[in-house]
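A quick write-up on the structure given underneath.
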Amino acid sequence: MNSSNNNDSSSSNSNMNNSLSPTLVTHSDASMGSGRASPDNSHMGRGIWNPSYVNQGSQRSPQQQHQNHHQQQQQQQQQQQQNSQFCFVNPWNEEKVTNSQQNLVYPPQYDDLNSNESLDAYRRRKSSLVVPPARAPAPNPFQYDSYPAYTSSNTSLAGNSSGQYPSGYQQQQQQVYQQGAIHPSQFGSRFVPSLYDRQDFQRRQSLAATNYSSNFSSLNSNTNQGTNSIPVMSPYRRLSAYPPSTSPPLQPPFKQLRRDEVQGQKLSIPQMQLCNSKNDLQPVLNATPKFRRASLNSKTISPLVSVTKSLITTYSLCSPEFTYQTSKNPKRVLTKPSEGKCNNGFDNINSDYILYVNDVLGVEQNRKYLVLDILGQGTFGQVVKCQNLLTKEILAVKVVKSRTEYLTQSITEAKILELLNQKIDPTNKHHFLRMYDSFVHKNHLCLVFELLSNNLYELLKQNKFHGLSIQLIRTFTTQILDSLCVLKESKLIHCDLKPENILLCAPDKPELKIIDFGSSCEEARTVYTYIQSRFYRAPEIILGIPYSTSIDMWSLGCIVAELFLGIPIFPGASEYNQLTRIIDTLGYPPSWMIDMGKNSGKFMKKLAPEESSSSTQKHRMKTIEEFCREYNIVEKPSKQYFKWRKLPDIIRNYRYPKSIQNSQELIDQEMQNRECLIHFLGGVLNLNPLERWTPQQAMLHPFITKQEFTGEWFPPGSSLPGPSEKHDDAKGQQSEYGSANDSSNNAGHNYVYNPSSATGGADSVDIGAISKRKENTSGDISNNFAVTHSVQEGPTSAFNKLHIVEE
């Protein structure tokens, strides 16, 4: 700037200082010797002791003083805008700028502007006047922990004298002083333009902030004593928010950047293309940069980690008052649906108690079971994983529905488990579930059990529904048979034996336990007729015949076959489809069962004499068309999961494990084990419940005892009932059963004690052998025979006249 501008600036500063004096005097009337001059001192030569001025100031009211002070400030601002001139200095220590186009990109119409023109011509500029340097990637964040202090020797303005300034600000002041672009007396002016705003250094530093150098000495202190501690500012706008990243000796090629900007760059506008298929897509893979903002080599914290894994720490840094406790988390609901509809809002529409995580059960009866998670949900209610807050033990709690029918059934289960745990199996050796406690919570019966692992169905699912090894099947079958032996001796029926109700004690041990005695009953009190899950339902239940503990043996046979095959052997979609699958695989049940069954007429059709293929075949299964037409339902044909229909063929032709496919010796051993398994399944899957093996008999089979299987095996001391002169009805039923085995429709069926049929042969049952073994039968009705204790309504002569003597 020229000297005239300097004089104007100095005069404006003096006027500003003089204009502040009246306010200072009026605010401090007692300090009359303050040495400040009135606005008239420069013209009248009077000091502050002018009586007219003192009297005039003392007579003014505070409101008038405030208005005058406001008017004076407006005049000062207008005078400053008129007197201040714009001065730009190259911040990168380039040669002295004489023409604005040498370092600024201005339109042609401003070429003739000289340095004395007003700044008003430049207010319309929207583009940045300075091209900022590139930011350094992956900086060291500890570099900005502290800045070199920049303090002034003058403390006339206390509010601005204690701040710290970065070295970039000092660097610019040093360059401006060395170039002589501004007179030293103007360094104290607050309107000298600067690249730096003090607010820029109070903002949060970026992860890629620039590198400030502190290799420059501070400015001389012999500047204007009034405002030398205020940072140099631009009157209207900051030129750039980014200070230079290098020191003057290492000048970056900014000339090339400005030259490119003058020449202009072509903008790449993205174009939209129609894509009809994925082949039209042409993705561009950008190369990964060598250095990233948040890398393993940098000391910065990844923003992604700070807002995810370390979110609590981030909140704590932002607000010291922030606290977090997991106990205050909203409780996660475990029951679906979770809307309260019954029981004062505690139950949903299905009468299930609405459970939440961290709920405490049993408080009303001095129990404390903390709910952790849900284990399962069924028709009876829910099973949740809980912790006993008194003993710190992890348990399973069964929360029964609040309906009366489910409550009655659960009370029966609790009584049976109490009988098993305390009297029948107090030593916990026979693989029964242990019940520890029972209580009522919000009108719901809660049973506390030991916590077990996965069930057998989940085990098959983990094995991708491939069959297990015969050795593991033998281990599981032995434990289940041990439990069934205890139940038969106690005259108890489980009534719902299936893979879902057989649980592993631990995921790494082949130890089992039987659960869910909610459907259990005593042999003498068989009240319900619709029991068992469909896949494992015995034929006598489907036909409507009185049942006994033999139905559990049928379920065991279905479970063993499923463990070997990986899928259920009889996956019926309905009762009609279930009975169809059983007959296709094992043959027709004996005629006395069909005649005696209450539901036989629903699935069977009695043959006319001319339609019967033999004198003993009196019934046949209804076709799908006949069954659907009669009951007005839609029944789909059975889906075949196996290539073969008969049980022996299914077992023999099941795929070999990969571990033995290359060894003929291992294959021969596998086939021998399969023949033993076929014979075992033939005994427990006998359609006749009177001839079906008991648990005690099955425990002696070579498949369980690992004895050598020669192809023939009979339970020790067992005998089959045969024709008897005393019991004509029994004779007719047995002869009818034996002759039915001769029909070609039952060829290949594995009948109970015939070894040839167990190997898949078509020979009929040897009636002579059966007649010889009948001599060992006793004439008295055995009280141990289960069916005699479960007789319901209807004819029972066949059950009362047949008997088996058990050891």
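Cβ atoms here come from the backbone N, Cα and C positions, even for glycine.
Comparing S61, S247 with the features listed in Swiss-Prot, the residue bearing the annotation phosphoserine is S247.
The ATP site in Swiss-Prot is built from L375, G376, Q377, G378, T379, F380, G381, Q382, V383 plus one of K368, K392, K398, namely K398.
In Swiss-Prot, the annotation phosphoserine falls on S127, out of S28, S127, S153, S790.
Record check of S152, S240, S757 in Swiss-Prot: the feature phosphoserine is attached to S240.
Cβ neighbours of L375 (ATP binding site) (same chain, under 8 Å, six or more residues apart in sequence): V383, V384, K385, A396. Rounded to a whole number, the C-alpha distance linking T379 (ATP binding site) with Y530 (phosphotyrosine) is 15 angstrom. Cβ neighbours within 10 Å of V383 (ATP binding site), excluding its own Cβ and spanning all shown chains: 20.
Just so you know, the Cβ of T379 (ATP binding site) picks up 9 other Cβ atoms within 10 Å once every protein chain is counted. Each residue in V399 lies on the same chain as L375, G376, Q377, G378, T379, F380, G381, Q382, V383, K398 and has a C-beta within 8 Å of the C-beta centroid of that ATP site, without being one of the site residues. Long-range Cβ neighbours of Y530 (phosphotyrosine) (same chain, at least 6 residues apart, Cβ-Cβ under 8 Å): I541.
D496 (active site, proton acceptor) sits 16 Å from G381 (ATP binding site), taking the C-alpha atoms as the reference points.
The C-beta environment of G381 (ATP binding site), restricted to residues of the same chain at least 6 apart in sequence and closer than 8 Å, consists of D352, Y353, K398, V399, V400, K401, Y406, S410, H444. A mean pLDDT of 94 is what the model gives for the domain 'Protein kinase' (369-704). Binding of ATP is attributed in the record to L375, G376, Q377, G378, T379, F380, G381, Q382, V383, K398, and the widest Cα separation among these residues amounts to 14 Å.
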